[in-house]
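Student: Here it is, the structure in full.
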Amino acid sequence: MKLQLIAVGHKMPDWINAGYADYVRRMPGDLQLALTEIKPGHRVAGADGARARQLEAARILAAITPGAVRVVLDERGTQATTRELAGWLENWMGEGLTPAFVIGGADGLDDSVKAGAGKLFGLSRLTLPHALARVILAEQLYRAACIIKGHPYHRD
């Protein structure tokens, strides 16, 4: 199963890239986590970021695999345990669906990205830096995969 991660931002710090790469490398062989980095929209000084979010939205929507379940990360989204996340993955696998996880940039996400989401998912009630959210999501997807596979990484 392919897991798609679409994230606004590029030129991440080395420690972000290393953390993300570590969980991708550890992912079980039948699960692949593929990252698509979206170039941030140009933000005009003094503007509210709406135009930048619209540009990013067009790039995000173009990057999503056709037919994928769009899972948009949002601080107001559904909170879930890792076991619940594993259940979502199992259901999507059983239905032959590709989940496309979307992480917005510094200005958040345009409503058009959220509107078509199959699920709004909150990693935390805390507001997380978008770069760090990549690493946390990769770890949680790895942990969920371990639950599905019966690997002892996750302990209740």
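Cβ coordinates come from backbone N, Cα and C, glycine included.
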Student: Select one of GLY94, GLY96, GLY104, GLY150: the residue that Swiss-Prot places in the S-adenosyl-L-methionine site alongside LEU73, LEU123, SER124, ARG125, LEU126, THR127, LEU128.
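Tutor: Of GLY94, GLY96, GLY104, GLY150, GLY104 joins LEU73, LEU123, SER124, ARG125, LEU126, THR127, LEU128 in the S-adenosyl-L-methionine site that Swiss-Prot records.
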Student: Would you count the other C-beta atoms found within 10 angstroms of the C-beta of LEU126 (S-adenosyl-L-methionine binding site) for me?
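Tutor: Within a 10 Å radius of the Cβ of LEU126 (S-adenosyl-L-methionine binding site) lie 7 other Cβ atoms.
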Student: Over all shown protein chains, what is the count of other CB atoms within 10 A of the CB belonging to LEU123 (S-adenosyl-L-methionine binding site)?
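Tutor: Around LEU123 (S-adenosyl-L-methionine binding site), other Cβ atoms within 10 Å: 20.
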Student: CB neighbours of ARG125 (S-adenosyl-L-methionine binding site) within 10 A?
Tutor: 8
